[in-house]
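Engineer: My questions will all concern the structure given below.
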Amino acid sequence: MVMTNGKLILLRHGQSAWNASNQFTGWVDVDLTTIGEAEAKRGGELLVENNVLPDVVYTSLLRRAIRTANLALDAADRHWIPVVRDWRLNERHYGALQGLNKAETKDKYGDEQYMAWRRSYGTPPPELADDAEYSQAGDVRYKDLESVPRTECLKDVVERFIPYFEEEILPRVKKGENVLIAAHGNSLRALVKHLDNISDDDIAELNIPTGIPLVYEITPEGTVVNPGGTYLDPEAAAAGAAAVANQGGK
């Protein structure tokens, strides 16, 4: 039996309400904007145009990623395939920064501290109190967790997501399946860091645009054929990544 390579399709959710208002979102369950809905649909259309149709979808427990998956699948006429939702694909928890405006936070704490919280590998923001407005401490969807995070750095996301990827998702890709992961900027940065062996320092420079599929081809042995992945709309991806990099400006 000849084994074929599988495709791992990474799709960051479309623009959310707090992307549009330049706020730290983390685990706060905000919805997509109309622009974000259109981005998600376009992501699905790109899958069809490039003949990269998913067999299964993995997403987080946050509606912006779930709805992005649903809209993309509908546009690709793959609404019928299995969808697996797991908290380990959630966005990074931004701690006490959740809900704060990025530009105002940058002005208050300075560029160096702002970038350390936002882009360093091992520096988490201050913890969010359990009784704070944007805490998830009492959220029923996390009732089976031993404890809900109060803050996270990217290293924490790597430690919760990559073992799940290795155990649950990668084996399907190695069997030749096309697997769509509809998730978040930082959960996808954690995965790309792992796939491309990006250093702890260099990962600060990686930005994932919204709504544009990034495809990795993976052999049955688990080798990435195209390091760095292939965006299905490279021009839009470059512009989108630049916009993400500039968040925090006026």
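Placed from the backbone N, Cα and C atoms, the Cβ positions cover glycine too.
Under the heading substrate binding site, Swiss-Prot lists 12-19, 25-26, Arg64, 91-94, Lys102, 118-119, 185-186. Among the features that Swiss-Prot reports, active site, tele-phosphohistidine intermediate is placed at His13, with the record citing sequence analysis. Residues or ranges marked as active site, proton donor/acceptor in Swiss-Prot: Glu91. Among the features that Swiss-Prot reports, site 'Transition state stabilizer' is placed at His184.
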Engineer: Here are the recorded positions: Gln15, Arg92, Lys102, His184. Which has the lowest count of other Cβ atoms within 10 Å?
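Structural biologist: If we count Cβ atoms within 10 Å for the recorded positions Gln15, Arg92, Lys102, His184, the smallest count is at Lys102.
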Engineer: How many whole Å apart are the CA atoms of Lys102 (substrate binding site) and His184 (site 'Transition state stabilizer')?
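Structural biologist: Rounded to a whole number, the Cα-Cα distance is 17 Å.
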Engineer: Would you list, in sequence order, the recorded positions among His13, Glu91, His184 whose CA lies within 10 Å of the CA of Gly26 (substrate binding site)?
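Structural biologist: Of His13, Glu91, His184, within range: Glu91, His184.
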Engineer: Please name which of the recorded positions listed here, Glu91, Arg92, His184, Gly185, is nearest in space to His13 (active site, tele-phosphohistidine intermediate), Cα against Cα.
Structural biologist: His184
Engineer: According to DSSP, which of helix, strand or coil covers His184 (site 'Transition state stabilizer')?
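Structural biologist: Note: His184 (site 'Transition state stabilizer') is coil by DSSP, not helix or strand.
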Engineer: What number of additional C-beta atoms lies within 10 angstroms of the C-beta atom of Trp18 (substrate binding site)?
Structural biologist: 20
Engineer: Near the Cβ of Gly185 (substrate binding site), how many other Cβ atoms are there if near means within 10 Å?
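Structural biologist: I get 20 for this one.
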